[in-house]
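Let me give you the structure first, and then I'll get to my questions.
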């Protein structure tokens, strides 16, 4: 009887495991029809080109100011200080408004908010080319950071209400790839427009901001007609397509439902150690990202190249970074793994910095710049979509995404202040060593996330298999529990 009982128990456990697997397979098959593929392509064509272009413009508008070194570092720091101050308020205000502000929400949805941000920072960028004194420029740089602060977290959140969790990784990578492309195009544009030195009594760098700002304003006006609203009222979709989209989102996570704002959901984000881990991960990477992207022409000039050559020599490393993002994200999706590729990317970047520190020939050091750029941009492309996939609950996710960028940009402030003249000796030896330290910190955080998330997934699988707990299925319960729901599985 004992043997029979044991056999029946094992049989029952196998049946439960099969049911769980079948449920997951059914869910995936329900959201992977030919019609779904057509729907996703339609969404891609509407969202990705315009939003990636807006982000590319935001990176272009941060171009080299051609100031004396201390003033340049200060102007960059002020930009990121504003970014840090306005990041979370922007996302919470626009994407999680309380009930008494619902009338404002109807006016400030993504269709209006994101183009308006772009229009305002385009105007501010033009003003950068018109200022005549250092104090005015510092004020303008602060305003630029304030106006650009809402774009990135706003777009990441917008992706979460149009795409399934597994679909967001590639879209965020394409979107972030705009930063690498901006680095490539920015070098060419800076070189070309810089030839306008003296025209109209203005410096070449002033013309860079005036023309790039005018381009930003022009594109922002067209964005009002292209950027979509929330998924449940997307006008570019037919009613059947909209219903199908909401069904897909409902079967995947929470975005299909309108979630009432509660401060408790904001508290959930601030008290979740995983949210802080995503923020600290970007903090380490952001130091390297912004110091390298903003000081790349200076770093290359220190290798012995002329200033005009350095502008053009920024194009190949940024192009390689864009290609690296594409390949690595494809591998990440194929093997459904995130942390290991973030760790590998940081290791590649560290190798690049080591080459910069140890190589004696400019050509070899320039290879180090390529490796650093490829690793840093690739790691950032992967980590910036992580909270968007792993944090459930609309308000909590909106705050988590903004927190990641906010605390990441504190790392950016450190980066732009450390790459200063009195630490530029030996081709920025000390700043490069500090950058390696920040990347090692990111490796530690990514490793922590990988092991904790994998262990938590196994724990929930064991609870379901043992049938010692029941899983609440109501929409209210799913919203209340969010990513703590027993059926929720983390991406690691």
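Here the Cβ of each residue, glycine as well, is placed from N, Cα and C on the backbone.
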Look up transmembrane segment in TrEMBL and report which of 18-39, 172-193 it refers to.
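It is 172-193 that TrEMBL describes as transmembrane segment.
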Which residue range, 240-260, 366-386, is the one TrEMBL calls transmembrane segment?
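Matching range for transmembrane segment: 366-386.
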Grab the same-chain neighbours of the transmembrane segment (366-386) for me: Cβ-Cβ under 8 Å, and only residues 6 or more beyond its ends, written as numbers and ranges.
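Apart from its flanks, the transmembrane segment (366-386) reaches 152, 156, 159, 168-169, 171-173, 176-177, 179-180, 183, 278, 281-282, 285-286, 288-289, 292, 296, 299-300, 303, 313, 316-318, 320-322, 324-325, 328-329, 332, 338, 341-342, 345-356, 359, 404-405, 439, 442, 446, 449, 491.
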